[in-house]
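Presented below is the structure to which this report refers.
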Ligand code: PAF
């Protein structure tokens with residue numbers, strides 16, 4: 001497995017793959033890998049001839065008061081895991097390698113970036129779209145793999161690819177969960193034992209909505225209220241947002257749910273922001 005810290009090294013490592021006209025899957029990550037990331041790598045390995053992973057804790061997607069400095073890192077372990085999964089090359093750039101000191105170009109989805117998590121984390125999706133666009137240009141993959149857990153992120157990336165005619169197939173991979181339903185996230189290790197014990201309340205409320213809606217018609221407002229009430233009763237949970245949106249467009253819904261909807265959760269436990277989502281079908 002080639003470990004590349006510069007764009008030039010990566011370009012060299014990928015020359016032979018590109019020459020053979022093979023399919024190339026990209027798995028972008030911020031490191032501290034868990035089974036959710038490895039599911040992306042496995043899906044990429046199953047779909048493509050070769051896989052490139054990237055490890056880059058992207059500073060531009062963190063706000064000034066967010067957890068950039070404390071974001072968990074373990075590069076040696078990450079590299080060993082990626083090697084064991086048969087990844088061809090890993091790109092591990094420094095912020096200086098990634099961003100020109102005078103960089104002034106940004107990529108943004110004007111509406112999607114502002115709503116939902118974008119309203120809680122101003123500038124976050126602009127940072128994500130810009131770095132993912134750069135990674136697409138650096139790696140030039142045929143396919144790119146992202147978790148469905150970050151539902152809005154996936155929507156932002158699909159919209160960017162559509163609008164900018166980027167020649168890459170974006171693949172959404174199902175959310176991986178712990179034994180008690182908690183969606184896997186690098187942030188879970190920062191939960192206190194009490195908060196970790198309470199955090200499966202998110203998945204439990206989503207399970208409730210998913211199984212109840214097909215049997216009992218509900219309005220978007222009723223789902224939102226019931227899910228908020230259930231999660232609020234979990235120890236230490238500070239509900240930031242519970243949104244019921246059109247599963248395709250993320251447009252706000254009101255009244256009876258008659259088409260597939262997505263419930264999007266953002267819940268704080270202490271200073272750890274957890275997100276989760278579920279598509280529910282009437
Ligand atoms: O989902 C993530 O880990 C990040 O947002 C991504 C897509 C790697 C961009 O930095």
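Any Cβ shown, glycine's included, is placed from N, Cα and C.
TrEMBL has this to say about the protein:
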ACT_SITE  37  active site, proton donor
BINDING   30-37, 147-150, 184-187  ATP binding site
BINDING   61  beta-alanine binding site
BINDING   61, 153  (R)-pantoate binding site
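This view paints the features noted in TrEMBL onto the structure.
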{"residue": "32", "record": "ATP binding site", "CB count, 10 Å": "19"}
{"residue": "34", "record": "ATP binding site", "CB count, 10 Å": "16"}
{"residue": "36", "record": "ATP binding site", "CB count, 10 Å": "21"}
{"residue": "37", "record": "active site, proton donor", "CB count, 10 Å": "27"}
{"residue": "61", "record": "beta-alanine binding site", "CB count, 10 Å": "21"}
{"residue": "147", "record": "ATP binding site", "CB count, 10 Å": "22"}
{"residue": "149", "record": "ATP binding site", "CB count, 10 Å": "20"}
{"residue": "153", "record": "(R)-pantoate binding site", "CB count, 10 Å": "21"}
{"residue": "184", "record": "ATP binding site", "CB count, 10 Å": "18"}
{"residue": "186", "record": "ATP binding site", "CB count, 10 Å": "19"}
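Between the C-alpha atoms of residue 147 (ATP binding site) and residue 37 (active site, proton donor), the distance comes to 8 Å. According to DSSP, residue 149 (ATP binding site) is assigned to coil rather than to any helix or strand. If you take the C-beta of residue 30 (ATP binding site) and look for same-chain residues 6 or more apart in sequence within under 8 angstroms, you find 55, 56, 57, 58, 71, 186. Reported as a whole number, the C-alpha separation between residue 149 (ATP binding site) and the residue listed as 'beta-alanine binding site' equals 17 Å. The recorded positions shown are 32, 34, 36, 37, 153; of these, the one with its CA atom nearest the CA of residue 61 (beta-alanine binding site) is 153. Checking the recorded positions 30, 32, 37, 184, 186 for a CB within less than 6 Å of any atom of ligand 1 leaves 30, listed in sequence order.
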